[in-house]
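Asker: One structure is given below, represented as structure tokens, and several questions about it will come after.
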Amino acid sequence: EKEARFNTTYADWVDADLLNIYAFNHSVRRNRTEGVRVSVNVLSDHKDLPVLFVVRQKEAVVSFQVPLILRGLYQRKYAYQEVSRTLCQPQTKAEVETQHFYVDVSTLSLNASYQLRVTRVENFVLRTSEQFSFNATAAQPQYFKYEFPEGVDSVIVKVTSAMAFPCSVISIQDILVGLGSRAFCPGDLWFPVGLTTPLPPQCPVYDLDNNVAFIGMYQTMTKKAAITVQKKDFPSNSFYVVVVVKTEDEACGGALPYYPLSRDASPEEPVDQHNRQKMLEVMVSPAITSEAYVSSMLFCLGIFLSFYVLTIVIGCWETCRQQKRKGLLAVMDSPSLDTGHSRSIPDSFLGHAPYDSYGYGSFGSGSSSSTEGVRDGMASAEVSYSFVGQEQFKRRTPSAPMRPLSIAMGERSLENVAGRPRLDSLSSIEEDDYDTLADIDYDKNVIRTKQYLCVADLARKDKRVLRKKYQIYFWNIATIAVFYALPVIQLVITYQTVVNVTGNQDICYYNFLCAHPLGNLSAFNNILSNLGYVLLGLLFLLIILKREIDYNRALMRNDAHALECGIPKHFGLFYAMGTALMMEGLLSACYHVCPNYTNFQFDTSFMYMIAGLCMLKLYQKRHPDINASAYSAYACLALVIFFSVVGVVFGKGNTAFWIVFSVIHIVATLLLSTQLYYMGRWKLDSGILRRILHVLYTDCVRQCSGPMYV
């Protein structure tokens, strides 16, 4: 046994018959924390017979061997000759107390020389908003203590480094052993409820690569790391910040080192990594306060509620304007007291909707024949059609004489067909009954292949049938949303629970510098940011509901403009779009509970839904008869989402996947373009290639003609 002093290097030797004991003593103050660090370097190269160092303290024992063997991936061994460990801070009851600790050195080797040095750690207690620099290796980890100041409920521990590799781990560990949230503190000693003796500090601290994940919170880092620590999770109002350099860089996305290639090398032989060192800087700064949480939430809520207020104001103003216009019309239509005739309405007033002339499906600058057809359609207000069985009867007044059947079938103006009123079928409201008539099918082929189409040409089907058809969009997406969201919510709750229980913050990919926890949620602000999707989606649904109610009231009043003028109105796709927008907010919030590689499709699935429904709605406005059904549309969107998921899982660096996907994408785009170009009047059968070649030959080889449907 030897009396030893701090900051002195002891160069000595030891063998199987000799045990060296170094006795140290130092003064411990109750209101001051100091760290003690033991550094050793074994100069002898006896890997099979290491030197054992045992540090005996008042309430803890730390032991390690040199060379220190740490295991990496695939059980690879790495040997370290220089080892440094920081000792636990012992508790004291007195104001000042002299405590002793001993360093025992022993080995089974014949002769092993070493160097031993014990020092005090400068800046062992971190100060708020002050940066501290230090070095660390896999065998020389560092940890520091932080104590919450008064009035600070949460802090952010930021660790930075100028070098990405070697990979390192940042861990936050509690100071006291086995202390739960239910505890009280008499003086400076901590007691769990029901006990009368203080708990010792957590010794030893888990500060090696093979045990740093045993307790507390931890995350890997290359150049930056940040962990938000809440005071409520540490009843002692203090914690350890542990920094460990990993033996391998695979956890940070780096490459695995190669084993040395030599005749004498074996997989069981430890690898010497030489100087695997990293310089880091740590700073602890206060996080946002609870008042900032409340003000931010209210500000965010107020921003989106202002859209509701603006919508109400615009709605009230529009209602007042329409009431004023109706009053003016009533005055204009009432007989004059002087002449007894109705007052004239100014031309400028007639120019405003909905009192301008009927122009449903007309062209502003069309040909004379199309203008004629529109006039015929306007003049045929007395024309009606009724379909009884397989016969079609036409009833005309003397002002519109009957044309011969041959002219009607061959030479008649197609614009007259387009201009006829779109009255409801009296025999049935089933779409299939309408389409099975041979002459109507003939009309379908003729009308949809016209060179110049009007909206009326593609709005001939029964409106009640189409209304039911497009309502299926809403009910289908509501069903999809329920069955999609329930397992998603369950999964992300499980993810968050695993993160909270294990402390492994590598499971979720947050922006840790801007992740503000609330309750059990690690990044509440990321979830709150999706509030706009839900609130604005709900506002969209309310606006559509108001429009549908107004439209139905106009139909009940037999308003001619609502019945026959304007683009056909169907609200089912609008409801589906609003539901998809709200579900995007919900599922994006679920994704941001724990964003990672496996649940990325939660955030993107309803983005595809919204984009697809918007395209369908734009197309449906002027093509209501030939728009896709809900079943085929959602089947195609499901295929899109499937490829997005497969791309995330298998697409990284997989050339074969991208070749297959590109071919499918090009073919699908060609098919969809053909469907839109020919208005659905084409067939995908065995003769499709022959017809394609025929079109190319006639339009490109024999004569260079432009597209028929400009």
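Backbone N, Cα and C atoms are what each Cβ position is placed from, and that goes for glycine too.
Caution: TrEMBL annotation is automatic and unverified by curators.
Here TrEMBL flags 293-317, 473-493, 527-545, 573-594, 631-650, 656-678 as transmembrane segment.
Relative to the rest of the structure, where do these features sit?
Answerer: Within the chain carrying the transmembrane segment (293-317), a Cβ under 8 angstroms from the stretch's Cβ atoms is held by residues 516, 518, 524-525, 528-529, 531-532, 535-536, 539, 543, 546, all 6 or more beyond its ends.
Residues 472-473, 476-477, 480, 597, 600-601, 604-605, 608-609, 612-613, 616, 657, 661, 664 of the same chain, all 6+ positions outside the transmembrane segment (631-650), place their C-beta atoms under 8 angstroms from a C-beta of that stretch.
Within its own chain, the transmembrane segment (656-678) is flanked in space by residues 448-449, 619, 643, 646-647, 650, 684, 709, which lie at least six positions past its ends and keep a Cβ under 8 Å from the stretch.
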